[in-house]
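Participant: Okay, handing you the structure first.
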Amino acid sequence: MKITSRKVVVIGTGFVGTSIAYSMINQGLVNELVLIDVNQDKAEGEALDLLDGVSWGQENVIVRAGDYKDCKNADIVVVTAGVNQKPGQSRLDLVNTNAKIMRSIVTQVMDSGFDGIFVIASNPVDILTYVAWETSGLDQSRIVGTGTTLDTTRFRKELATKLEIDPRSVHGYIIGEHGDSEVAVWSHTTVGGKPILEFIVKNKKIGVEDLSNLSNKVKNAAYEIIDKKQATYYGIGMSTARIVKAILNNEQAILPVSAYLRGEYGQEGVFTGVPSIVNQNGVREIIELNIDAYEKKQFEKSVSQLKEVIESIK
């Protein structure tokens, strides 16, 4: 699929949708940005507010409220709509209500004649990416969930902070569910190209026992933020904009998005967070890491849990 107009439609103008829109405008990613919401006044107000800052951005951009007919010639439709996670709720607690919302949205998008790429940011993202694919009839590669992109950047940031290293020099992934069963891939985590276990032997800033605590902190990061401010949106806003950028610029970038497994990691028939090559066609290829036995077992548990939830909503 060739990117033509750099037109992106964002469905849902809550905290997440507007954070994604704001991030895309600031980075000069789009030529046209259309906001859709069940509350038309909200969409119009957000568009007007964003327009007030366009002249300070990197590129001139059209920003407006619209409707589903605007999806027809869009390159990307980003879906953020759904009920929000409340304090004490897991992301999977949201599944029944948000699955119904996702089916309704995707049906209306496809009825417009849309032939682009979906980026799904609604939670639980792995399940709703599956629902979007099943409803759309598009190839799995064209449905891209945000997956563990945010978890991975949290992981790198936390480890970098402990080691007093620039996060851009720390490489590693969180895979599996964007949620409580996510898996930190320590076996492929490196600092300046050096495996983490080798690095900490000489670094002395953290020990092996600290690694488990760190991955748990990453897993629970959203709960801490929700307890303090009721919602998370800036981090996922910037993470989603990064995925959009990779698609629009045909980057061939490796990002841990929610992608459809066809035997990779010994699993199939589910969308979940795995390192994937992302380009103008969506997910070009999944990168299959040679994870260790413990990580493989945890990943299998994560995928199994997702499959159970998918079966429950069919």
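Cβ from N, Cα, C; glycine included.
In case it helps, Swiss-Prot gives these features for our protein:
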- His178: active site, proton acceptor (ACT_SITE)
- Val16, Asp37, Lys42, Tyr68, Gly82, Val83, Ser104, Ala121, Ser122, Asn123, Thr146: NAD(+) binding site (BINDING)
- Gln85, Arg91, Asn123, Pro124, Val125, Asp126, Asp151, Thr152, Thr153, Arg154, Thr232: substrate binding site (BINDING)
- Arg156, His171: beta-D-fructose 1,6-bisphosphate binding site (BINDING)
- Tyr223: phosphotyrosine (MOD_RES)
Participant: Let me know the DSSP-derived helix, strand or coil state of His171 (beta-D-fructose 1,6-bisphosphate binding site), please.
Facilitator: strand
Participant: On a simple 10 Å Cβ count over all chains shown, which one of the binding-site residues Ser104, Ser122 is most densely packed?
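Facilitator: Highest number of other Cβ atoms within 10 Å: Ser122.
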Participant: Do me a favour and check the Cα-Cα span between Asp151 (substrate binding site) and Gly82 (NAD(+) binding site); whole Å is fine.
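Facilitator: Gly82 (NAD(+) binding site) has its Cα 20 Å from the Cα of Asp151 (substrate binding site).
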Participant: Where among the binding-site residues Asn123, Thr232 do you find the Cβ with the fewest other Cβ atoms within 10 Å?
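Facilitator: If we count Cβ atoms within 10 Å for the binding-site residues Asn123, Thr232, the smallest count is at Thr232.
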